[in-house]
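Visitor: This structure is in structure tokens; I'll ask about it shortly.
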Amino acid sequence: MTLKNALLAFRNAINILDKNLINLLAKRKQLSLNIAHTKVKNNYPVRDIEREQMLLKNLTILGEKHFLNKKYIESLFSIILEDSVLTQKKWIKKYNLNKYKLEKISFLGSFGSYSHLAAQKYAKKHSKILTDKIYKNFSDVITSVEQQQSTYAILPIENQSSGLIIEVYKLLQKTPLFIIGNIYIHANHCLLAKKYTPILKIQKIYSHIQPFKQCSKFISLFPNWKLSNTTSTSEAIQHVAKENDNTIAALGNESYGELNKLEVIAKNISNKRNNITQFIILAQKKTYITNKKTHLKTIILISKKNENCEKIIRNILHKNKITLLKLKYYVTSKVLLEKIFFIEIENIYCIKHILKQFTIEIKCIKILGCF
């Protein structure tokens, strides 16, 4: 074999080894990605300095056995380890970004509605983002989560002035979503109109049906006013702001009115001074709470035409030493005398036993969720 042929043979052998090294490095990178997935799943940190130091030590010992320079092995594998860490960090960052993007909150109306304020408050506390879609009814808000367009839906369920929001309660009976939390918002309604609009000149008011109910005493002072329902308070404010008409006004929140260059004609007009609305957060997955002190379950109970249904519920809970936090109901049919009960109870770890007792007298039971 000539010298030239010998060199060519050796170089070809090295080329094959280099290709094998590339393939091995690619396989190592894939394993690093698998490790990143496992770390995210189990909430482990990306970097394990102790393991890296131990690995370098073992590799240099192994290298010395093969007559490889210690600094050469340390330098080579330090680069490989650093690349592995960067690969994992990049993957985890992308994973978290995608997860964050998916965790959107749907709510009624647009920017400036009370539902938007509630969603904003919840998003800030739990590091979520708000959807940019505008939903004009409660049903569409729920559907957005059922169809995985959003991760969470936020809906008003009760107001101190107007009471239960029946439309939402009816939707809760049908949806497969679960309640995972709640939040409270002060609904300080204002009468908003174009600047320099005298209150006596106003003829028509725009708002969602709930503010009309919550400000009924104030509205009754002006019997000639015509009331026009909108899908949300933000829509009402936008409409009044858009129209060049000083005979119309909107009920809504002051800050959003100011953003739309409307003037506060009257404030603190709710029937109750401390007008609070409770919102619930719905999701496809249940939450599991291990802290007994904060463990609540909401249950929907549909009466079996039984006038003593409320008494039965209270007796069963009392017998099992379960604290009743809240009991609300509404009549679905005056003819059938059917009532739907919603209860919140504390520390319910014997749920199956309780459900068996309820089913003796109750037509339908549905657990809405824990929070």
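Heads up, the Cβ atoms here are built off N, Cα and C, so glycines get one too.
The feature substrate binding site is assigned by Swiss-Prot to ARG11, ARG28, LYS39, ASP48, GLU52, SER84, GLN88. Here Swiss-Prot flags 1-92 as domain 'Chorismate mutase'. Marked as domain 'Prephenate dehydratase' by Swiss-Prot on the basis of sequence analysis: 104-284. What Swiss-Prot lists as region 'Regulatory' is 285-371. Per Swiss-Prot, site 'Essential for prephenate dehydratase activity' is recorded for THR277.
If you look at the structure here, what lies around each of the features I listed?
Guide: Counting only residues at least six positions away in the same chain, no Cβ atom sits under 8 Å from the Cβ of ARG11 (substrate binding site). In the three-state DSSP classification, ARG11 (substrate binding site) falls within a helix.
Averaged across the domain 'Chorismate mutase' (1-92), the predicted model reaches a pLDDT of 89.
All protein chains considered, the CB of THR277 (site 'Essential for prephenate dehydratase activity') has 23 other CB atoms within 10 Å.
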Visitor: Using all protein chains shown, find which of the binding-site residues ASP48, GLU52 scores highest when you count other CB atoms within 10 A of its CB.
Guide: GLU52
Visitor: Let me know the DSSP-derived helix, strand or coil state of THR277 (site 'Essential for prephenate dehydratase activity'), please.
Guide: strand
Visitor: I'd like the number of other C-beta atoms within 10 A of the C-beta of GLN88 (substrate binding site), please.
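Guide: Here the count is 21.
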Visitor: Could you round the CA separation between GLU52 (substrate binding site) and THR277 (site 'Essential for prephenate dehydratase activity') to a whole angstrom and send it over?
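Guide: Cα-Cα, rounded: 54 Å.
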